[in-house]
Every structure is written in C-alpha cells, then in structure tokens.
Amino acid sequence: MAANFWTSTQQKQLLDAEEVDVVHQVDKEMGFTLEDCKLIKMHMANYIARLAQNVKVRQRVVATAVTYMRRVYTRKSMTEYDPRLVAPTCLYLASKAEESTVQARLLVFYIKKLHSDEKYRFEIKEILEMEMKILEALNYYLVVYHPYRALSQLLQDAGMSDATQLAWGLVNDTYKMDLILIHPPHLIALACIYVASVLKDKENTTWFEELRVDMNVVKNIAMEILDFYDSHKMITEERVHLAMHKLGFKQ
Amino acid sequence: MGEVEELLTKKVADRYLKREVLGEGTYGVVFKAIDTKTGQTVAIKKIRIGKQKEGVNFTALREIKLLKELKDPNIIELIDAFPHKENLHLVFEFMETDLEAVIRDRNIVLSPADIKSFLQMTLKGLAFCHKKWVLHRDMKPNNLLIGPTGQLKLADFGLARIFGSPDRRFTHQVFARWYRAPELLFGAKQYGPGVDVWAAACIFAELLLRRPFLQGNSDIDQLGKIFAAFGTPKPTQWPDMIYLPDYVEYQYVPGQPLRTLFPMASDDTLDLLSKMFMYDPKSRISAQEALEHRYFTSGPLPTEPVSLPRPPPKKESKASDFNIQDGPTVLSPPRKSRRVMPNRDGPEGSANHVHRIDDHGNERLAGGERSEHAPMSLDFSIFGMKPPVRPTINSADRTHLKRKLDLEFQGPEEQ
C-alpha cells in the first residue's frame, strides 16, 4: 500500500459520518431527505462506473471520480451542483489526475449513448465549466488513496488469494457508500476481507488479531457494509427515480 | 454560480495586486504580485483555460495535484489557486533567483561549503519527494529556485509523477537531456527515484565545474559523453542494461578518474559524487542516503542559507515602482483596490502591523507581521496620473471604525 497515506492530505481530510451525512439548506428547501441524497450519490456512482466502462478507464479512475463526487456533496448542494453534470465531470477530472486522460468529447458521446433523457445531456463547454467549479469545491486536493493496493497485499498475507475476486467486488461496492471519506483505505480493505472470510467460512481470527489495527473499527466498517447490502435489497428503481425527480429540470 | 460565491471569487482575485511579468512558463504567463492579505510578494502562474478544448491543462493539473501534497521547506509552496476570467491562477511563494543564475554569475565565488549547502537543500527537497513517492523528473539548475533567505526549493512539478505502482510504465522523455540518467537514455519505461539522483549528481558536478558537466547534443551523444567520463559500463557493473529497450552496444572506452575530472574536489566530494553517478540504478545511492553521507558532516560544514552568495537582485522592482505605466494593476476592476481598507492595527498602533491609508485616501501596505517584506510597500500616491478615486466606506469599514472609536475610550487592549 502507498506508504504515504498517513501524511497525505486525504488522511487530514477524513471526516466524521455526521459531516458526510449532510443535507444542505437549499436541498432541504427542495424537499431532499438524507435518504434521497444517499440514493442519488449511489445512483451517480453507478453512472460513473457505467460511463467508465464505455470510455475504458481503470477501476482506480472510477474510484477517484466517485470520491471526488462524494467530497463535492459534503460541501455543495445538489440543487446548485446538478449530479448529472457533476458525475461525468468528476470522471473527466479523475481521468486527468490519474494520468489516463479521457477526451471530453468522447465522454459527451457516451453520455448521449447511455441516456436518451434530455436532463443528462451536457455539452463539452458545460463539463469544462463544471471542472473548474469542482476543482474549487475540492479545494484543489486531487490525490486519493484507495483500498485496492492494500487489499491484494493483505489477501496474500492472510493466505486468502482465492477470495480476491469476492473481496475486490466488495471494495468496489463500498464506493456506493461514503466509506472512503470517513475511513483510511487499508481499514476498508480489511473490513472487506473480514466480510469475505465470514462469507467463505474462513477462520482467520488469529491473522486479524496479529495485525496491529483496531479490530472494533474494522468490524464496524464490516457491519456498515453488511447493513448496506441489506438495505440495498429494498432500493427500487422507483425510489431512485423519485429522489432524482426532486432535482427537477435542467435550467 | 450563486451570488455569494461570485463575490467570494472576486474577493480572492482582489487579494492580489498584479506587478510585472516574470516570464513565460510552460503553460502560461508568470507574474509577480503582492498578497494584500499578508503583504507577501508572490508569483502567480496564469493558466489559460478559456480557449482550451480540454479544460484545465494536464501539466498544470499535475503540478497542482502534487504540490498540494508536498509541503516542505525545500519545495516551492503553492499558496493558493483560484479561477479568474477564464484563467486558473496558481499562487506560489516568490523566489528571487535560481541556481542556474548563481552558477552562471562569474562574479560569484562558490566555496566548498556553499556548494555543500546548495546540494544539501537540493537533496532534502528530493528526499522528501521520494518519501512521498513522487518523482520530480525535471531536475536542473533553473528549476531550483532560491528565496530571499537563501533557501533553495524544488520547483516546476509539471513533469512530476507518483511512482510506486510497479506495473505502470512511464515515458523516458523526461528531464533536459544533460541531466538524463543512462537508463532513460536507453529507453527504460520502468524507473525509479534514481533518475532524480542522477540529475542531482549532474547539478553537483555543475556546481563544482561552473558549467554543465555532460553536454550531449543528442541522446546518443549524451550517452557517449557519459561513457567518456566514467567509462563504458560493463555488464558486471550494470547487469540489467542489455535488456533496456533502446540498448545499443557502445565501443568500450575506459573512464577517467574522477580526480582528473574534478581536480579541486575533496575525497568526500568525489566519493559521494561517484555514488550518485552509479550506472546501475539499483546500486545508485538514494537521496536520503546521500544526505547521510559523511560529505555533509565532515568539514567544512554547509553554509547557512542566508549567507550563501546570490546574484544581485534585478533592478526591475525599483524601476517599475516609479514607472507609471507599469504601476500595479489589480486582477479585478481597478477601482476596487482604491477602496479604503479597514485599519486593522487599532489604537495600540502596533508598529509591526501597519495597514495605513495615505493622504490621497489610497491604501498603503507596509509589511504586516512580515515586516521583513517591508520594501514591497505600495505607495499609490506616486501614480499621480490618474485622479485618485474617491474613497468609499462600506459597512464593514464603518463597524471597524466604530470599534476603533470604542477602543479609544477603553484604552489600549492586549491583543
């Protein structure tokens, strides 16, 4: 794992759950609930991943883009920063920051291909303008560390390389939640390994105990992940649609 | 954009008073400016985005991304960034000169202790980058800036990259040719911090010789120059060499003893230099190890930065101070700069906290806490050409004045 997470600005910027679970005043006035905001962010994380598949960028770029998007909404409202524009712009910015640039016109092409809905369609110019606003909202902090690198090393160390695919998938799913804004990446990786070992009935309590980490934190993250999977079953297209509907029309 | 935000953006731009152009950077104009908030002189890089098809310039974004993470006394500080009129502005601390100017100035004598100090600061900055998994990839004397107190700082991170993902392949087209490590010249795609150490060694040699050490005029010639100095590497010296993409066999030439190349250098100097110039990047000394080399602890000890020789400051500031056309311009409508600023020093009139208003109702800046920057004070009264704009007092000023009056009745207070 990148040895420098501890001195990174990301480490200094880790937030408490209460700071992440915010509904900005303007959004409240528009009728958004915390649940709506969570649903929209999840929906947008999925949108970023789908766009990324089309423009062919690495998972890391997706993870960074989702992190940017989630950071933006800790500071900005959905009413003022339309998620349907913020999401692709975050992918655009992340692709540059992660050194695998995607051309804006390519992105616009795939947005049109994926969505017939007028509300999703934006011009190159709008993406470039939003890029600037996102940079400001992020206070120009662009380096993000992810659980992936720690994950493969830890899995190997735990003798669980056979569970790589499962654990990797779990990490991917954590980006549907705000975990990356709250916890250090290696603890998220550990929580996913913990969930994976429970699912695979693999007994490795000793291995976890020998790690010099607070297992209570790891277990709490693991619980959050499991809770998310539980509640995810209840999320219907309908509910997402209702939340998205509150965003209204493009001005 | 909300109204409040728009106001905020304007205020940020309003914070800096634009001065003369310092030069044309890789991706935009660099100009000198005064930070009215701190009285500090800064350098602002203006990056054009308005007409760009791909938004914020990729090189600029790299620099922003890395400099936000790299805060160290030997690395240039990115103080602020803000968009203004379709341009992105990066605010850096202002640096007086650079190492190239020092090396080229024939009136400057560099003592062994001075050289040691310059190299130590270079390696400290580099070791910090490497600790943070950042490769600078463009080390050369004119990217090593020197500040008002003699501090040397690494700048220009437009080519820098995060390394550490072993699978990532990099371009070998980095560095100015004379500072390029042999593995890069042989087309290596996977390389590490050793490339920066090699460049630092070239800078070390340049400090000793007072001219660039290995001045090749093509990549092939550059390797020829390297081999002529140190001898063609044998496979035992550098086993991986023959597997490099652009490897070609060079005719064997024996090297020259370092002693003949650097006749005036001490034994410690030559020992460190030879370790930094190791062919095999795997056995090349790291920046951190180099800092621990006895060269830095044996006498003479490195000169204190503040006592290092520097080229005389360029005359520009004085000249433009009194040149009406070149007078300070403000990034936002000029009228704003003429607004009366709240007088923050209160009745206790602390001498080290001056923010005065001169006879013409124009703002005058003199230092603030950073009174050492006092020479940067602005006196608008000398720009007599334009009639002074009538000062307006806004509500913030009024409350401030009120408070000031209150304070006068209460007598001086402890801050």
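Including glycine, each Cβ sits where the backbone N, Cα and C put it.
In TrEMBL, annotation is done automatically, which means it is predicted and not curated.
Annotation source TrEMBL lists active site, proton acceptor at B:ASP138. Just so you know, the Cβ of B:ASP138 (active site, proton acceptor) picks up 20 other Cβ atoms within 10 Å once every protein chain is counted.
Within the same chain, the residues at least 6 positions away from B:VAL30 (ATP binding site) whose Cβ sits under 8 Å from its Cβ are B:VAL21, B:LEU22, B:GLY23, B:GLU24, B:ALA43, B:ILE44, B:LYS45, B:LYS46, listed in sequence order. Annotation comment: TrEMBL describes B:LEU22, B:GLY23, B:GLU24, B:GLY25, B:THR26, B:TYR27, B:GLY28, B:VAL29, B:VAL30, B:LYS45, B:LYS51 as ATP binding site.
Per TrEMBL, the feature compositional bias 'Basic and acidic residues' maps to B:355-372.
If you look up TrEMBL, you'll see B:16-296 marked as domain 'Protein kinase'.
Positions annotated as region 'Disordered' by TrEMBL: B:297-372.
Figure note: comparing Cβ neighbours within 10 Å for the binding-site residues B:GLU24, B:GLY28, the maximum is reached by B:GLY28.
Annotated pair B:ASP138 (active site, proton acceptor) and B:GLY28 (ATP binding site), C-alpha to C-alpha distance, rounded: 18 Å.
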